[in-house]
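Take a look at the structure below.
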Amino acid sequence: MSETSFNLISEKCDILSILRDHPENRIYRRKIEELSKRFTAIRKTKGDGNCFYRALGYSYLESLLGKSREIFKFKERVLQTPNDLLAAGFEEHKFRNFFNAFYSVVELVEKDGSVSSLLKVFNDQSASDHIVQFLRLLTSAFIRNRADFFRHFIDEEMDIKDFCTHEVEPMATECDHIQITALSQALSIALQVEYVDEMDTALNHHVFPEAATPSVYLLYKTSHYNILYAADKH
C-alpha cells in the first residue's frame, strides 16, 4: 500500500508530503510547514463522506495499542453502548451486526496489538464500513438521548429526529461540530482538530471536549479529515 494508492486509510507518511497537494498555494504551504513543527506524520483517509468517523475510530484504537488498562476501560464503555442505542429507539436487530464489528476490532486491539492488523481491518471495505455505521448510530443515539441540549445547535426548521435521520445516520454524510461533540462524549474520546484553510490567518484548532488532553489529532483541510501524529507522542 503506497502513500498515493490506498483503500481507506494510508500508511503513515511525513506530514510535509501533503505539500504536494497544493504546490502553488503559498498560504497552504506556510500553514503546513508551521503544522510540521508540532506534528511529524499523517495518515490519509479516503474522501468518501465517512472520513471523520473512520479517522477517529482508527486513530483512537491505534492509540490504545499496548495499553491494557485503557483497553479494558474502553471495552467496558463499548459494552454499554447497546443500552444507549436501545434507549434512543433503535431496534437491536438493526444495530447488532454493526456493534459486533466494532467490538471485534476492540478485541483485536487487546489480543493482537499490532498496527498492521488494525490497519488491515480498517482497509477492508465491509468491516470498515460496519465500524463507521456503528459510530454513526452511536452518535445519533447520543444526540437523541440528549435532545434538550443538542436541539439548540440545529436549524429551527429541523427537529432532532430529522437531523439524525438525514445528517448523522446515513453513510457518506459529512459531519459538523455537533456530531464530533456527540461522538467524543459518547465514547469519552478527547480529540483535537487542526484547521488548515486558504485564509491568510493563523492556524487554529479545537479540542473536544474543551480543556481535555487529546489522545487523537485530526487535520481538517478542504472539507476532509486526516489523522495527525504529534511530535511529542510519536
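The chain as shown is numbered from 1 upward.
Any Cβ shown, glycine's included, is placed from N, Cα and C.
Per Swiss-Prot, the feature active site maps to D48, H224. Sequence annotations record features per position, and here Swiss-Prot assigns active site, nucleophile to C51 based on a curator's inference. Annotation source Swiss-Prot lists domain 'OTU' at 40-231, citing sequence analysis. Marked as site 'Required to orient and stabilize the active site H-224' by Swiss-Prot on the basis of a curator's inference: N226.
In this structure the alpha carbons, written CA, of D48 (active site) and H224 (active site) are 9 Å apart. Annotation for H224 (active site): same-chain Cβ neighbours under 8 Å, separated by at least 6 residues, are T45, G47, C51. In the three-state DSSP scheme, N226 (site 'Required to orient and stabilize the active site H-224') is classed as strand. Per-residue pLDDT, averaged over the domain 'OTU' (40-231), rounds to 97.
Counting every protein chain shown, the number of other Cβ atoms lying within 10 Å of the Cβ of N226 (site 'Required to orient and stabilize the active site H-224') is 22. The Cβ of D48 (active site) has 13 neighbouring Cβ atoms from other residues within 10 Å, across all protein chains displayed. The DSSP secondary structure for the residue listed as 'active site, nucleophile' is helix.
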